[in-house]
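Take a look at the structure below.
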């Protein structure tokens with residue numbers, strides 16, 4: 001009975017269920033939950049019941065977002081389908097939240113309304129799970145790190161409008177627990193946009209928040225405020241920690257470098273400690289060998305090799321941050337360090353010098369410190385030696401030789417020393433030999449005859465007529481002395497020197513002798529000696545009662561060549577009475593006396609005789625010295641036959657000319673003053689010169705005067721007066737005699753008359769006016785001299801022009817052309833021309849005409 005009752009109960013239940021289910025309407029979800037952004041699809045089952053009258057209805061299912069009540073999508077059911085399953089794709093669920101599925105029927109015929117009914121279902125959507133990770137970037141030293149985003153949920157492949165996510169990173173300098181008692185923490189936010197991916201790394205830069213940094217990562221959907229996931233804050237020091245970078249094994253030479261790699265966005269600040277890892281008993285503390293502190297921002301430190309033992313040992317290094325941190329980060333790294341000692345120790349003190357005196361050697365040593373004594377490898381020398389110099393040894397005590405001193409440099413030094421000394425001696429000997437050869441190897445150039453009757457002037461200088469200087473050189477192309485006088489035909493022997501024809505002059509043989517003579521004579525004769533001599537003679541004439549005299553000087557560019565020349569030649573006197581000798585003592589003699597006649601049986605005087613005659617003293621103190629060339633070449637030149645005529649023995653050089661210099665014209669000067677102190681010297685010199693003239697006058701030889709030349713001479717000497725007839729001493733074969741005083745005065749009248757037109761034209765000079773008052777009678781005898789025309793250097797070099805007689809044979813010579821030119825007449829006083837003192841009262845003005853006292 002019981003089993004039959006049980007079966008009936010089951011049948012009844014089935015019938016009841018069929019009735020209920022057949023008439024019910026519903027909307028059911030297969031899965032109550034869903035994951036947003038995932039690739040899962042949402043399935044919804046539905047069923048609805050048709051009415052009894054069989055009216056058709058339209059049924060739709062809506063997907064609504066519960067928070068905003070917005071419709072996401074709508075799906076319609078078929079009219080003939082009362083039950084089934086609807087599929088909603090994954091791309092409808094982009095965001096986590098609550099969703100509603102609602103089924104709503106719609107009537108097709110509005111005439112028959114029916115009551116509204118509605119079925120719904122609830123769906124909860126969640127975010128997928130993303131794992132956030134932090135990592136060091138490859139550019140950790142530049143302050144960057146990486147954020148990793150990973151999920152295990154398969155993501156929906158959005159065909160269109162794929163959503164993007166935003167990663168926010170927040171940097172802080174403290175933990176939330178520490179913010180209660182401190183100020184507002186520093187917070188720096190940075191964001192990056194990225195695509196939706198199942199796994200990816202996003203790189204971020206560090207923010208300067210301080211030595212400690214904390215990071216919070218937030219993942220959001222772009223355009224939405226909902227947060228997909230959030231991680232943090234994460235301490236970067238705890239996350240990454242500090243790392244000690246070193247090699248596992250090294251050989252220590254100078255030091256061991258340890259580098260600390262800090263966490264990203266964190267500055268290093270701590271202490272690096274080194275200790276030796278060795279087995280120790282339990283409870284024994286590790287001994288630290290050294291500690292190096294790292295300042296803020298520094299990453300490297302070096303430990304010296306002297307801290308480590310020799311050989312190979314294991315040492316460990318650890319790094320600890322400052323105690324202010326909320327956590328204690330310890331990083332430990334160990335490594336094997338091999339230390340091989342191969343270095344020099346300290347130098348030992350210097351040893352004593354090897355010698356007690358002189359040069360010695362001292363040395364010092366050092367030891368190589370190495371781990372392998374069998375094969376030391378220290379570079380360099382273990383022994384060093386140096387020279388030591390002590391007190392010098394005595395001459396008999398030789399210095400001890402140095403055993404370690406190299407011999408090569410010493411020998412080379414000795415060779416250099418000997419060579420230098422030899423070279424110096426050679427130079428000294430050569431200098432001495434050259435000096436001796438130049439002093440004694442050359443012949444004497446000048447032979448100066450001494451004069452015993454020379455009287456010095458009060459100024460302690462020798463006068464120009466006190467000494468004859470012989471210059472051994474040939475005559476220059478100018479007026480010459482003695483044997484180098486102007487040449488002419490043999491028939492010109494009887495003509496006075498002032499009337500002879502000029503001729504060619506032999507070339508100069510030795511110019512150096514003339515220059516040497518002039519330079520030596522400058523040291524003996526004062527430049528203006530001739531002018532002072534004229535003043536002395538003038539004073540002597542005043543004392544002796546002489547009233548008038550005239551002197552003509554040839555003034556050249558050099559004071560050595562100033563020469564006084566009488567204005568007109570006078571015949572020599574036969575003899576001198578004592579009165580005449582006393583009068584002639586202060587009378588200026590002509591430097592051009594006529595040449596004595598030579599007898600027919602005798603030859604003309606040779607050059608040697610003429611030179612000997614020239615070597616005598618000068619007649620006038622104002623005359624120049626004798627050239628050395630006359631004595632040097634007198635033996636090599638021929639006699640008068642080689643020249644065109646014989647030269648006067650008393651002919652003296654009157655001027656020296658040079659082409660490059662401008663000639664100074666000759667001026668006629670008066671002898672203004674004569675100091676009383678020089679009068680005795682002058683008289684003594686006059687007597688000495690007369691004695692020398694007589695001594696050197698040739699006795700056995702004379703000059704021949706031919707008859708025709710004697711006639712010319714008589715015509716040239718004048719037309720009337722005492723000088724017209726030839727004196728008896730001028731006959732052939734008779735020696736010449738001195739002209740007396742009367743003949744000389746009478747022969748000079750013509751010279752006085754020729755000077756009068758010039759005086760009348762220019763007027764008397766001041767000296768003439770003052771002197772003319774003292775004249776006792778106009779007919780008193782006067783010593784007058786004829787003026788000699790001045791010559792330019794070029795004329796004297798080319799022609800040696802001189803006056804010639806008025807004989808028809810000499811008619812082509814114009815005697816008037818040898819007078820003074822206008823330029824010479826316009827010349828002012830000679831002392832001003834030579835730069836003398838015009839304010840001297842004893843100096844008279846020099847003029848070009850005869851002056852009368």
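Heads up, the Cβ atoms here are built off N, Cα and C, so glycines get one too.
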Check: Can you check which of 597-623, 624-650 Swiss-Prot lists as region 'Disordered'?
Finding: 624-650
Check: Quick one: which of 352-372, 373-393, 394-414, 415-435 does Swiss-Prot have down as transmembrane segment?
Finding: 415-435
Note to self: Can you identify, from 668-702, 808-842, the stretch that Swiss-Prot calls region 'Disordered'?
What the structure shows: 668-702
Next item on the list: For the domain 'TSP type-1' (341-394), jot down how many residues DSSP puts in helix, in strand and in coil.
Entry: 0 helix, 18 strand, 36 coil
Margin query: Between residue 368 (disulfide bond) and residue 80 (N-linked glycosylation site), how many Å separate their Cα atoms?
Written below: 110
Margin query: Please report the Cα separation of residue 304 (N-linked glycosylation site) and residue 58 (N-linked glycosylation site) in Å, rounded to an integer.
Written below: 92
Checklist line | Most crowded position, judged by CB atoms within 10 A, among 353, 357, 368, 378, 393 as disulfide-bonded residues | finding: 353
Next item on the list: Rounded to the nearest Å, what's the C-alpha distance separating residue 393 (disulfide bond) and residue 378 (disulfide bond)? Just drop the number here, would you?
Entry: 41
Note to self: Please report the distance from the Cα of residue 357 (disulfide bond) to the Cα of residue 39 (N-linked glycosylation site), rounded to the nearest angstrom.
What the structure shows: 109
Note to self: For each of 39, 69, 80, 304, count the other CB atoms within 10 A of its CB; which of these glycosylation sites has the top count?
What the structure shows: 39
Check: By the DSSP assignment reduced to helix, strand and coil, which category contains residue 69 (N-linked glycosylation site)?
Finding: coil
Item checked: Where residue 304 (N-linked glycosylation site) sits in the secondary structure, as DSSP reduces it to three classes -> strand
